[in-house]
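In what follows, a single structure is set out as structure tokens and then discussed.
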Amino acid sequence: MSEKRLRQAIDTLKDSGVRITPQRHAVLEYLLTSMVHPTADEIYKALESKFPNMSVATVYNNLRVLREVGLVRELTYGDASSRFDCNTTEHYHIICNECGKIVDFQYPSLQEVESLAEQVTGFNVSHHRLEIYGTCEDCKHVAAAKH
Ligand SMILES: [Zn+2]
Ligand SMILES: [Zn+2]
């Protein structure tokens with residue numbers, strides 16, 4: 001499954017004329033196999049041992065390239081570090097209040113909300129973002145064990 005996605009992603013890079021360096025390949029592979037919406041720092045830490053000469057700046061640079069060709073989405077959260085999502089299909093996120101984990105879930109895109117917002121505000125809507133917050137299963141178990 002992720003093998004196929006990796007091959008497709010590499011084809012997309014080739015088609016866009018983007019050079020595939022070993023680091024770029026590794027960043028892409030990490031994103032596609034981990035499916036955890038990592039920060040650039042987390043990707044750096046995961047790949048550090050494999051590429052001792054790689055810097056965080058290189059990771060950022062690779063993420064920017066991947067974002068430009070549409071393989072990765074950047075999720076910004078105010079002052080906190082951005083998280084990177086390689087699931088570029090329509091989906092929503094649920095975020096754990098305790099550990100910050102972000103999990104994907106499918107739900108039909110809320111187009112009616114976009115049209116209503118356009119009608120009542122006169123904006124041209126580009127996109128929307130919806131996040132649900134709660135306590136993930138792992139954290140629920142940790143909390144239960146404490147009591
Ligand atoms: Zn959690
Ligand atoms: Zn996602």
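Even glycines carry a Cβ here, placed using N, Cα and C.
As annotated by TrEMBL, Zn(2+) binding site applies to Cys96, Cys99, Cys136, Cys139. The Fe cation binding site annotation in TrEMBL covers His128.
Features recorded in TrEMBL, as mapped to the structure shown.
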residue: Cys96; record: Zn(2+) binding site; Cβ contacts under 8 Å, 6 or more apart: Ile102, Val103, Tyr133, Gly134, Thr135, Cys136, Asp138, Cys139
residue: Cys99; record: Zn(2+) binding site; Cβ contacts under 8 Å, 6 or more apart: Cys136, Asp138, Cys139
residue: His128; record: Fe cation binding site; Cβ contacts under 8 Å, 6 or more apart: Leu110, Val113, Glu114, Ala117
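Counting other Cβ atoms within 10 Å of each Cβ, the lowest count among the binding-site residues Cys136, Cys139 belongs to Cys139. Same-chain residues that are not part of Cys96, Cys99, Cys136, Cys139 yet have a Cβ within 8 Å of the Cβ center of the Zn(2+) site turn out to be Asn97, Glu98, Gly100, Lys101, Thr135, Glu137, Asp138, Lys140. A helical conformation is recorded for Cys139 (Zn(2+) binding site) in the three-state DSSP classification. Among the binding-site residues His128, Cys136, Cys139, the residues whose Cβ sits under 6 Å from any atom of ligand 1 are Cys136, Cys139.
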